[in-house]
Amino acid sequence: MEAEPPLYPMAGAAGPQGDEDLLGVPDGPEAPLDELVGAYPNYNEEEEERRYYRRKRLGVLKNVLAASAGGMLTYGVYLGLLQMQLILHYDETYREVKYGNMGLPDIDSKMLMGINVTPIAALLYTPVLIRFFGTKWMMFLAVGIYALFVSTNYWERYYTLVPSAVALGMAIVPLWASMGNYITRMAQKYHEYSHYKEQDGQGMKQRPPRGSHAPYLLVFQAIFYSFFHLSFACAQLPMIYFLNHYLYDLNHTLYNVQSCGTNSHGILSGFNKTVLRTLPRSGNLIVVESVLMAVAFLAMLLVLGLCGAAYRPTEEIDLRSVGWGNIFQLPFKHVRDYRLRHLVPFFIYSGFEVLFACTGIALGYGVCSVGLERLAYLLVAYSLGASAASLLGLLGLWLPRPVPLVAGAGVHLLLTFILFFWAPVPRVLQHSWILYVAAALWGVGSALNKTGLSTLLGILYEDKERQDFIFTIYHWWQAVAIFTVYLGSSLHMKAKLAVLLVTLVAAAVSYLRMEQKLRRGVAPRQPRIPRPQHKVRGYRYLEEDNSDESDAEGEHGDGAEEEAPPAGPRPGPEPAGLGRRPCPYEQAQGGDGPEEQ
């Protein structure tokens, strides 16, 4: 009886099965290795590389959109809740019925003090926190603190509102510094992924030309601020769809108001102490706060799940390894740079103008004359104007660099002159369209200011080792300006406008002076960034050269670098240096190397 052949031929077996399989490929020791482990026959390396970098670029766009949407939702929830909370707590009937003698006005004043005063200390800890947690995780942590502030409004007490307000004040500057750093890094990454062929030709250590990422930075900052300025409109949704139904009309709330605009003093002098016709039910308030809490949680998920890392893990290690003492000192050392000193007046004005939009135009000119029920629509006009005008920052792709920033300053200068001589009549609605136009135009100037400043800093300081320090300084000066506005809230409107006008003129002149120095080729004095001092031995540091070292490190190093070895192959295994262990290949070639103690 003849034996049946095996179902699967044995590899290398001789016999009647033959030396070839059904596909004609030789079996056994004669089988070609390329047929088994060779490249895919239809593999196109150039096409696969193009697809890979295309996915990388789409990932960068996803990061920018997620960070922008997260910032918009976070500030929309925060501003909307704070506005609704202050209006409810202002009404004395609401305070007496809901909270009795708990001292709600005192709690509100302490809460505002915590939000406005705490950021003054942010220069001391912001760079340390960003380097410790990393840019993305600092954003996530700060957004989480904003969500914590929202959650404390479920139980409004001194021991919930005031500590959460202090924590929120501590998170303001780190959030904005990390976001500015994040958007700038995304622009640099997008440029890297778009010009990968040029980088392959130049080598990984060759730095791209200075300012080459500027077009992408202009686009990304325009996208970010276009989203962010929509947060002012999102913040008015609780007011429009909920709180406006409970408000008195302007004839009641403005009954004792005698002067508005440039003739007003403080904030809403003579405004009625009762603004609510009926008190909102506690269940309705809980529903509104729950919706806001859900949106804040969504913002956290956006940052956590959709925002990728700003740096590679090895770069994060290098950024931390310069020493915590150096990280603490470097923001102060950057004051030596004349570019930053010339931009400080613009940083201060940037804080002044956004607070003036919310308190001066919206309250001193708007609510004072057309009533509290139109506050939301004034801020929506400001928001839409600013969001649309953020896209005007793209004009920097074709116009000289100073044009958008100076144009925004010019719009604000014109409006400030007009507001200085305008005093709207209380309880008269005929001039309400002027208020909406003024709010929208102020938003245009704000957008050009914010977009222009952030783009300018990203262009002037493109070294990854400096960006968190620079954006920390920028937003710290903004926080100082906001604190100054908080202290001077009781001043006469003419005094506020005069301070605004002087600061704006000084900022524009100082900025143009800086641009003139740059055109003359005056070299800025930048502090040296110390080289990373790694305390661990890991696979990342087996090689002597630092693959993540930037040109700034190489050019401005501390002079302790070793001479480069002569080019050309060296016979035998490379001897292990004093600072590293021999790799396994070297150990196999030349022994186990020096023994460790």
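Even glycines carry a Cβ here, placed using N, Cα and C.
Not measured: the values here are computed from a predicted model.
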Check your understanding: Hey, which of ASN116, ASN449 does Swiss-Prot call N-linked glycosylation site?
Key -> ASN449
Check your understanding: Apart from its near flanks, which chain residues at least 6 from the ends of the transmembrane segment (428-448) lie with a Cβ under 8 angstroms of it?
Key -> 225-226, 229, 353-354, 357, 361-362, 365-366, 369-370, 374, 377-379, 381-390, 392-393, 404-405, 407-409, 411-412, 415, 418-419
Point to revise | Spatial neighbours of the transmembrane segment (132-152) far in sequence, C-beta under 8 Å, 6+ residues away | key: 67, 70, 74, 77-78, 81, 160-161, 164-165, 167-168, 170-172, 174-175, 178-179, 181-182, 185, 289, 292-293, 296-297, 299-300, 303-304, 307-311, 316, 320, 468
Check your understanding: List, in sequence order, the same-chain residues at least six positions removed whose CB sits under 8 Å from that of ASN272 (N-linked glycosylation site)?
Key -> TYR248, HIS252, THR253, LEU254, TYR255, ASN256
Check your understanding: ASN449 (N-linked glycosylation site) to ASN251 (N-linked glycosylation site): how many Å between their Cα atoms?
Key -> 37
Practice item. Grab the same-chain neighbours of the transmembrane segment (223-243) for me: Cβ-Cβ under 8 Å, and only residues 6 or more beyond its ends, written as numbers and ranges. Key: 64-65, 67-69, 71-81, 83-84, 87-88, 179, 183, 280, 284, 288, 292, 375-377, 379-380, 382-384, 386-388, 390-391, 393, 443, 446-447, 450-451, 454
Review point. Counting Cβ pairs under 8 Å to the transmembrane segment (110-130), which of 378-398, 469-489, 491-511 comes out on top?
Key: 469-489
Practice item. Answer yes if the transmembrane segment (343-363) and the transmembrane segment (491-511) have at least three CB pairs under 8 Å among residue pairs 6 or more apart in sequence, and no otherwise. Key: yes
Check your understanding: Against which stretches of its own chain does the transmembrane segment (160-180) lie, if we need a Cβ under 8 Å and a gap of at least six residues from its ends?
Key -> 67, 71, 74, 78, 107, 110-112, 114-119, 121-123, 125-127, 129-130, 135-136, 138-139, 141-143, 145-146, 148-149, 151-153, 224, 454, 457-458, 467-468, 471-472, 474-476, 478-479
